[in-house]
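J.: Okay, so Swiss-Prot annotates it like this:
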type	residues	note
BINDING	GLU559	L-isoleucyl-5'-AMP binding site
BINDING	LYS603	ATP binding site
BINDING	CYS898, CYS901, CYS918, CYS921	Zn(2+) binding site
MOTIF	58-68	motif ''HIGH' region'
MOTIF	600-604	motif ''KMSKS' region'
Amino acid sequence: MTDYKDTLNLPETGFPMRGDLAKREPAMLKNWYDKNLYQQIRQTSKGKKTFILHDGPPYANGNLHLGHAVNKILKDIIMKSKTASGFDTPYVPGWDCHGLPIELKVESIVGKPNEKISAAEFRQACREYANEQVDRQKADFIRMGVLGDWDNPYLTMNFNTEASIIRTLAKVIANGHLYKGSKPVHWCLDCGSSLAEAEVEYEDKVSPSIYVRFKACDETAIETLFNAKGNGPISAIIWTTTPWTMPSNRAIAIHPELEYALVQLADERVILATELVESVAKAIEAESFDILATVKGETLQLLRFHHPFYAFDVPFIFGDHVTTEGGTGLVHTAPDHGTDDFIIARKNNIEMAGLIGNDGKFKSDVEFFAGLAVFESNEKVIEKLKETGALLKLARIKHSYPHCWRHKTPIIFRATPQWFIGMEKQGLRAQALAEIKTVRWIPNWGEARIDTMVANRPDWCISRQRTWGVPMAMFVHNETEELHPRTLDILELVAQRVEQQGIQAWWDLDPTEVLGEDAQHYHKVPDTLDVWFDSGSTYASVVEQRPEFNGQTADMYLEGSDQHRGWFMSSLMLASATNGKAPYQQVLTHGFVVDEKGRKMSKSIGNVIVPSEVWNKNGADILRLWVASTDYTAEMKVSHGILNSAGDAYRRIRNTARFLLSNLNGFIPARDEVKPNEMIALDRWAVSCALEAQNDIIEAYEHYQFHTVVQRLMRFCSIEMGSFYLDIIKDRQYTTKADSLARRSCQTALWHIAEALVRWIAPILSFTADEIWSHLPTVEGRSEFVFTEQFYSQLFTLNCHDKLDDNYWQQLINIRAEVNRVLEQARNEKTIGAGLEAKVTVYANDEMLPLLHQLGNELRFVLITSQAIVKPLSEADVAEGELAGLAVKVERAEGEKCPRCWHFATDIGTHAEHNAICGRCVENVAGKGEVRRFA
C-alpha cells in the first residue's frame with residue numbers, strides 16, 4: 001500500500017513546544033544587550049509623541065522582593081505597550097541612595113562616623129555600599145525583562161543630582177516656604193533623628209493606662225462656677241498611655257462646647273465630661289458616683305490646677321481636638337510631645353518644657369527623672385504619682401502605637417529645633433489641593449486618599465541629623481539663627497561645587513571662601529535633607545534635566561499604594577512649592593503582594609516567594625504573566641499554586657503560537673499571501689476576529705487594565721481560535737494541495753494572526769514574543785526585534801456585503817457546540833469514537849436552516865464529521881437539544897476510513913491509481929486539488 005504521509009502538509013517549526021524559559025531567557029537578554037535593544041527602540045521612536053513614566057526610585061539596600069518585581073514589570077508593560085501604540089517612551093530607572101538604612105548597614109561594617117572612621121570616609125563607604133546595592137538590584141531588574149537606560153540610570157547620590165536637590169531647596173526658600181521652628185516631630189530613639197510621616201508604621205503595643213488627678217488651686221471658684229458643693233478635695237482627671245510625658249505637662253485641654261460635670265466620687269470630687277462619667281467610673285472601678293452639677297466647658301476657661309509632682313500649676317485651655325470618644329474629656333497637654341498639644345499651647349502662649357535630649361533621655365537637670373530613657377521612666381513616673389496621691393487608677397492597655405519602619409521600635413513625639421516647609425506659608429496647602437484635582441488618579445479612589453492626607457498633614461520637617469545625606473548647605477547667624485542674607489547665592493555656589501565633587505564639598509568648604517569676613521558671625525547648618533526631599537525633587541533633578549524628556553512634565557508616576565503619603569506626596573509638595581504645579585499628569589497605584597490567604601509575606605509564616613526563585617524555576621515570563629493577569633488595584637495574591645496557574649495560561653498561549661508558526665511552514669508572504677477578497681470565508685472571519693480582539697486589547701492597554709488584556713488574549717486563544725477556527729482548519733491545512741488557494745488562504749490568515757498576536761503579548765510575555773518573532777516568516781524590511789514595532793495594522797474586518805458575517809459565524813459556533821455535545825453523548829454510549837466516525841443529521845428551524853444550507857457540503861468540515869446532512873426541524877425523529885430550534889442525530893459514518901485524511905467515505909477503492917484513498921484525497925494528490933469556498 002502506498003504511504004501517503006509525504007503528500008500531507010504536516011506542521012513544522014523550529015519553535016519548541018516547551019518554553020524552557022529559565023534556560024532560554026538569559027541568552028535572549030544577552031542578545032538584547034549585545035544589540036543595544038533599548039537604543040534601537042529610542043532610535044525608531046525618534047520624533048514621535050513622548051510618553052514619560054518617571055521611575056520612583058527604590059531604596060538601594062537589600063534584596064528585591066515581589067513588590068519590587070510587580071512595580072518594575074507594570075512599568076515595563078506600560079512602556080512597551082506605549083511604544084507599540086506609537087509613542088516615544090524613554091525609561092530612565094533610578095535609585096534612592098542616601099539615608100539611614102544605608103548608614104546603619106555601613107556602621108555595622110566600619111563603625112560610627114567620627115569614632116573609628118572620619119565622617120568623610122564614612123560618606124565614601126556609604127557611596128560605595130550604595131553602588132554595590134544598585135548593581136545587584138539592577139541585574140535582577142534586567143533579568144525580569146525590563147527595558148530601560150540601565151547604563152545611565154539616575155541615582156540620588158550622583159553629583160549632578162545632589163546639586164539639583166540643593167537647587168530645589170533654594171527654590172523652596174526663594175518662594176518663602178521654609179522656616180525654622182521647634183515643633184513636635186516623630187523621633188526614633190534608635191535612629192537618633194526625626195522621621196517623615198511615610199517612615200512611621202503603626203503596630204500594637206502594650207502601654208500603661210493611667211488616670212491622674214490634678215488638684216484644684218481654688219476649690220471655691222470651682223464650687224461657684226458649678227453652683228454646687230459636695231465633700232472632699234476637687235481634681236481634674238486626665239487619662240494617658242504615656243506616663244513619661246507627665247513631667248512635660250503644661251496645661252489641660254477641654255472643649256468649650258462639651259458639658260462637664262462636678263462628680264462626687266466617694267470622699268473626693270472630680271471634674272469629667274458628662275458623657276464620660278459612667279465609663280470613667282467603670283474604668284476606675286468606683287462603687288458609686290453622684291453628678292453634683294454640670295456646666296458648659298466655656299465657663300471653665302483658665303481655672304488652674306496643681307501639677308501632680310512639680311511646684312507649679314497648669315491652666316484649663318480650649319482645644320477643638322478634645323472629644324468624648326474616650327478618656328475623660330480633659331486632655332493632658334504636653335506641648336513638646338504632640339501636634340495638637342503644641343498648636344494649642346502656642347495659641348495660649350505656653351512655653352515648651354524641653355526636658356528630653358536627642359538621645360531620648362531626660363536631661364540632667366530634670367527633677368526626679370534625670371538621665372532616664374523615656375520608656376524606662378514610665379514606672380518611675382507612676383511611682384511618683386502614687387507617692388503624691390495623684391494616681392487614681394493604673395491598668396495596662398494594648399493599642400496601636402507609632403513605630404519606626406526600620407527598627408520596628410516605638411517612637412516618640414518630641415519637640416526639637418528643625419527646618420520645616422510650612423503648609424500654610426504662601427498658600428502651599430491650597431495650591432497642592434488644587435493641583436490634585438488636575439491629575440488622573442488610577443484607581444480613582446487615590447484622589448480622595450491623597451486629598452485627605454494633604455488637607456490634614458502637618459508642616460513637613462525636612463531636616464535630619466544624619467551623616468549620609470544631601471546637606472542643607474545654609475549658614476545661620478550665631479546669635480539670631482537667621483539665614484545669611486545671601487543664602488540663595490551661597491546655595492548656588494555650593495551646588496556648583498557639589499556638581500563637581502559630590503556632597504563632601506559642603507563639609508570641606510571653608511566658610512570664608514563664600515562668606516568672607518561674615519564667616520565669624522555665621523555657622524554651617526549641620527543637618528541633611530530628609531531622603532523624601534531627595535526623591536521628591538526628582539521631577540527637577542531628573543525629568544527636567546535629562547535630554548530625552550525634553551523638559552516635559554511626567555505623564556505618569558506609578559508606585560505602591562503606600563506612596564500616597566510617600567513619594568507622591570513629597571513630589572507634589574515640592575513641585576507645588578517650586579513650580580506651582582503637580583509633577584505628574586497621571587498617578588497609578590498598585591496593591592501589596594500577599595499570599596493566597598491574604599497574609600503579608602513573612603519569613604515566620606514561611607510564605608515568602610523570592611522573585612529570583614520564580615525566574616530560575618519557571619522563567620521571568622511566568623512572573624510577568626502573573627503580574628499582568630492580577631488586578632493590581634487590590635491586594636495581589638500569589639502562591640506557588642497561583643504561579644502554576646499562570647504557567648497553565650502561558651502554555652495555552654505558547655501552544656497557540658506554535659500551532660500558528662508550524663502551519664506557516666513554507667509560507668512566504670511576498671509570494672503566497674492571498675488578497676482579502678479572495679480568501680475563504682472562514683479565514684476572512686478569523687482575521688476579523690483577530691481585529692476585534694486587537695481593538696479590545698489595545699483599549700485595555702490604554703486604560704492600564706492588563707488583567708483584561710490577558711483575559712481577552714486567553715479568550716481569543718482558547719475559544720475563538722483553539723476550540724473553533726484552529727480545530728476546523730487542520731483538515732484543510734494538512735490535506736489540500738500545498739500551494740492551493742484553500743491552504744494559502746488559511747496560511748494568510750494564520751500569518752496575519754501571528755503577526756498581531758506576537759505584538760499583543762510583547763509587553764507582557766517579552767521573552768516569548770522575541771522567540772516567536774524570530775520564527776515568523778521573513779518579511780522584507782522587518783525589524784530585528786518586535787519591541788521596535790507598533791501594533792499590527794494589516795488586520796481587516798469582514799466586507800459589509802459578506803453574507804457570512806460575524807453574526808453568521810457566531811451562530812455557527814453555537815450550533816457546533818450543540819453538535820459537539822451530542823457527539824460526546826454518542827462517544828460515551830460507544831456509538832462512535834472520534835468525531836470523524838460520525839454522520840450527523842442536523843434538524844434546524846426556519847431561522848437556522850438557511851444558515852446551514854449556505855455551507856453546502858462544507859458543513860461537515862465545520863462540524864469535523866465525515867458526513868453532515870441538514871433537514872427541517874419538522875422532519876426530526878430526535879428531540880430538540882439544549883439549543884432551541886435544533887435537533888441533532890448521530891450515526892456511524894458511511895463507508896470506510898481514508899488512511900490519508902481519516903474521513904470516512906464511500907468512494908474508497910473506486911480510483912484505479914489510488915484505490916486506498918477517498919476521491920477528495922485523490923483530487924488533492926493527483927488532480928487540481930479540491931475547491932473550498934467557505935471552510
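Quick reminder: no glycine exception, Cβ is built from N, Cα and C everywhere.
Map the listed features onto the structure and describe their local environment.
T.: Following the DSSP three-state reduction, the secondary structure of GLU559 (L-isoleucyl-5'-AMP binding site) is strand.
The secondary structure of LYS603 (ATP binding site), as reduced to three states from DSSP, is coil rather than helix or strand.
CYS921 (Zn(2+) binding site) carries a helical DSSP state (H, G or I). The Cβ of CYS921 (Zn(2+) binding site) has 26 other Cβ atoms within 10 Å, all protein chains considered.
Same-chain residues lying 6 or more positions outside the motif ''HIGH' region' (58-68) and placing a CB less than 8 Å from one of its CB atoms are 95-97, 99, 101-102, 105, 130, 133-134, 136-137, 140-141, 155, 560, 592-593, 601, 608-612, 638.
When Cβ-Cβ distances below 8 Å are used as the criterion, the motif ''KMSKS' region' (600-604) is approached by residues 65-66, 592-594 of the same chain, each at least six residues removed from its ends.
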J.: Given CYS921 (Zn(2+) binding site) and LYS603 (ATP binding site), what distance in Å do their CA atoms have, once rounded to a whole number?
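T.: On Cα coordinates alone, these residues lie 65 Å apart.
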J.: Rank the binding-site residues GLU559, LYS603, CYS918 by the number of other Cβ atoms within 10 Å of each Cβ and report the first-ranked residue.
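T.: Of the binding-site residues GLU559, LYS603, CYS918, the most buried by Cβ count within 10 Å is CYS918.
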J.: When you rank LYS603, CYS898, CYS901, CYS918 by Cα distance to GLU559 (L-isoleucyl-5'-AMP binding site), which of the binding-site residues ends up on top as the closest?
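T.: That would be LYS603, nearest by Cα distance.
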J.: Could you tally the C-beta atoms, other than its own, that fall within 10 angstroms of the C-beta of CYS901 (Zn(2+) binding site)?
T.: 21
J.: Restricting to the same chain and to sequence separations of six or more, state which residues have a Cβ under 8 Å from that of CYS898 (Zn(2+) binding site).
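T.: Listed in sequence order, they are PHE904, ALA905, ILE908, ILE917, CYS918, ARG920, CYS921.
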J.: Between CYS901 (Zn(2+) binding site) and LYS603 (ATP binding site), what is the CA-CA distance rounded to a whole number of Å?
T.: 58
J.: In terms of DSSP three-state secondary structure, what is the assignment for CYS901 (Zn(2+) binding site)?
T.: coil
